[in-house]
Amino acid sequence: MRIVFDIGGSVLVPEKPDVDFITKLGYELTKISEDHEIAIVVGGGKVAREYIEVASKFNTNETFKDYLGIQITRANAMLLIAALKERAYPQVVSDFWEAWKAIQLKKIPVMGGTHPGHTTDAVSALLAEFLSADLLVVITNVDGVYTEDPKKNPNAKKIPKMKAKDLVDIVSREAGKAGVSTVIDPLAAKIIMRSGIKTYVIGKEDALKLFDVIKGNHNGTIIEP
């Protein structure tokens, strides 16, 4: 299979780099890459949001802040490259063609953000579409897709399996609420729907059982075309 992994920045760097988790995740990804072609996109997480918040105090524009966030995603990507060692393409990949070329070299391409206005969720979905991937695995600090934001509503229910069009409806509704961060951003959800790529949304615990995850055995959400 060809698999794209979308790894949230807050999963790797909750407050500071989680060395134990990054080490174990690097091992899992390395082993998976022995039997499958994989590509990885890493987000900025809490660190990126903190930098962007500080930049806002200097009245910087949104595009400037997007570029700042992109730099943080690439720093996080470099940490994962270090953990993957010789299996990784040696530098952060900046575009989809470069990712494809890295795969042809039997290396694991690791990306951060690419362009202002695109979250790393959207980059992951676009990369999966570009590579004609068989599977997109989203690793986040929420263990699946819920009917509402579980951090805001403790009565929110996890959805074990859903259609991509229903994902679009849920994240679009939640994204319209002030202060709410959705598990997958609306643009990424729309790309997942149009591309028809099977997608799994999993939490940090399942991330260390990737052989089970790619077989569909996990506690997250399965999103079908």
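Glycine residues also receive a Cβ, built from the backbone N, Cα and C atoms like all the rest.
Pulled from Swiss-Prot:
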type    : residues                                                             : note
BINDING : GLY9, SER10, GLY45, ARG49, THR140, ASN141, TYR146, ASP149            : ATP binding site
BINDING : GLY44, ASP66, THR114, HIS115, PRO116, GLY117, HIS118, THR119, THR120 : UMP binding site
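Summary for the binding-site residues GLY9, PRO116: the Cβ-based neighbour count within 10 Å is maximal at GLY9. Cβ neighbour count for ASP149 (ATP binding site) (all protein chains, 10 Å cutoff from its Cβ): 16.
Of all the binding-site residues listed here (GLY44, GLY45), the one with the fewest other CB atoms within 10 A of its own CB is GLY45. When secondary structure is read from DSSP and collapsed to three states, THR140 (ATP binding site) falls in the coil class. Here the candidates are the binding-site residues GLY9, THR140, ASN141, TYR146, ASP149, and by Cα distance the one nearest HIS118 (UMP binding site) turns out to be GLY9.
Per the record's binding annotation for UMP, residues GLY44, ASP66, THR114, HIS115, PRO116, GLY117, HIS118, THR119, THR120 show a top Cα-Cα distance of 14 Å. Counting in whole angstrom, ASP149 (ATP binding site) lies 27 from THR114 (UMP binding site) by their C-alpha atoms. Neighbours of THR114 (UMP binding site), defined as other CB atoms within 10 A of its CB across all chains, total 20. Per Cα geometry, ARG49 is the residue among the binding-site residues GLY9, ARG49, THR140, TYR146 nearest to PRO116 (UMP binding site). There are 24 other CB atoms within 10 A of the CB of THR140 (ATP binding site), with all protein chains counted. When the neighbouring Cβ atoms lying within 10 Å are counted for each of the binding-site residues (THR120, ASN141), the highest count belongs to THR120.
Annotation note: GLY44 (UMP binding site) sits in a coil segment as assigned by DSSP.
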